[in-house]
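Student: Starting off with a structure, shown below.
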């Protein structure tokens, strides 16, 4: 199997080949086609109003084959060697294959096919022992069995598979440890992964596997449990590195514990590691989460003093933090600083700045920034339009908000919950009841909100209007 690539190590779980195969079952019968109504009985759809214009949906063109022909023939269905999860059927099929063409059989493919058919880990192990004298499996074959065993919560200890590998001349390597730990984590067996790594694979696992397990524990377990895990792995000879500390700091920042993040930053320096740009971005984001956005500037200055070059994420976090803290003038200055450093502002940068300007009551200025953004070739997204529509409604610039809303309809964009509620409330207060109902219809048709959420916001606005009239 070889060593897992870095791209595979960083992939999100569950990995495609680590997913347990479902038990084979016949496909459900297709429902009978519904009879079509004649044109005289079919009801024509209602015409949209001037205020509510639904975008025209263009039919998708069929994909072309490399030769340029349309509607290619479908590929032939994939053939499976084993269709039954029973061990007796698999042995009978294998014996028949050996008798007919033994030279064309691959033990890894055969074992993978049997596992995909829904075989239990015990039956898969027995099947491997049955085919071993004839085919001589290698390390890749044992990796299939190892991953299959780790995916089942009721399976025996994966150490049995590791012993079998050693007995057959294929002792576990770093890829074996990484596969076992990832498969156990994919099956929500974090404690089993910790025990296996500590007791059996401490001398085999590399820092990628170690940091992967720490990151999983930091995401799903309390931080005290993560510290206990690191102590146990230290006793087993596995020492934390910069990535380990980064995972810990990211976990405590997500928990809004910036004091602990500062302490870990000091321990990182005592261990001889130098913080990188990614780590500082994590800390800056943590300050923004606890509404201490003024501290973001201090972190940025510390980065510059240590000679660490900020990246685009750094500048976006900085602009977001300054804008959230109401420091709009300083945030705008960093648009030029970003360009000078080769990091051109993107939609995240502009949207963060617009959000801060709307909070300060300068929705008209944020609307001007939209024009500047488009002139520089940056395309606004749904978040940009939602921010501006809500800001203009709060600033009592309803007409301009309606214009942006019509642009959203033309671009088939969705309304978020806060923008929809603010927009409908502003329309009702301006006595534009028909338009408010049309916004309600669009929110439902575009699946921006659920029916209940959209109706509750409209009902509350209408109730307020009735009370105001009394």
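Note: Cβ is positioned from N, Cα and C throughout, glycine not excepted.
Automatic, uncurated: that is what TrEMBL annotation is.
As listed in TrEMBL for this protein:
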- 17-36: compositional bias 'Pro residues' (COMPBIAS)
- 55-64: compositional bias 'Basic residues' (COMPBIAS)
- 1-81: region 'Disordered' (REGION)
- 206-240: repeat 'PPR' (REPEAT)
- 241-275: repeat 'PPR' (REPEAT)
- 276-310: repeat 'PPR' (REPEAT)
- 311-345: repeat 'PPR' (REPEAT)
- 346-380: repeat 'PPR' (REPEAT)
- 381-415: repeat 'PPR' (REPEAT)
- 416-450: repeat 'PPR' (REPEAT)
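Have a look at these and tell me how they're positioned relative to everything else.
Tutor: For the repeat 'PPR' (206-240), same-chain residues at least 6 beyond its ends with a Cβ under 8 Å from one of its own Cβ atoms are 4, 6, 9, 174, 177-178, 181-182, 185, 190, 193-194, 197-199, 247-248, 250-252, 255, 257, 260, 271.
Same-chain residues lying 6+ beyond the ends of the repeat 'PPR' (241-275) with a Cβ under 8 Å from its Cβ atoms: 207, 210-211, 214-215, 218-219, 223, 226, 230, 282-283, 285-287, 289-290, 292, 306, 308.
For the repeat 'PPR' (276-310), DSSP puts the residue distribution at 25 helix, 0 strand, 10 coil.
As a summary of secondary structure, the repeat 'PPR' (311-345) carries 26 helix, 0 strand, 9 coil according to DSSP.
Residues of the same chain lying 6 or more positions beyond the ends of the repeat 'PPR' (346-380) and with a Cβ under 8 Å from any Cβ of it are 312, 315-316, 319-320, 322-324, 326, 328, 331-332, 335, 338, 387-388, 390-392, 394-395, 397, 400, 404.
Each residue in the repeat 'PPR' (381-415) gets a DSSP state, and the totals come to 26 helix, 0 strand, 9 coil.
If one looks beyond the repeat 'PPR' (416-450) by at least 6 residues along the same chain, the residues whose Cβ comes under 8 Å of a Cβ in the stretch are 49, 51-52, 54, 382-383, 386-387, 389-390, 393-394, 396, 398, 401-402, 405, 409, 457-458, 460-462, 464-465, 468.
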Student: What same-chain residues lie close to the repeat 'PPR' (311-345): Cβ under 8 Å, and 6 or more beyond its ends?
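Tutor: Result: 277, 280-281, 284-285, 287-288, 291, 293-294, 296-297, 300, 303, 352-353, 355-357, 359-360, 362, 373, 376, 378.
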Student: Within the repeat 'PPR' (206-240), count helix residues (DSSP H, G, I), strand residues (E, B) and coil residues, in that order.
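Tutor: Secondary-structure composition of the repeat 'PPR' (206-240): 27 helix, 0 strand, 8 coil.
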Student: Across the whole of the repeat 'PPR' (311-345), what does the mean pLDDT come to? Round it, please.
Tutor: 91
Student: Pull the DSSP breakdown for the repeat 'PPR' (416-450) and write it out as helix, strand, coil residue counts.
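Tutor: Reading the DSSP string over the repeat 'PPR' (416-450) gives 26 helix, 0 strand, 9 coil.
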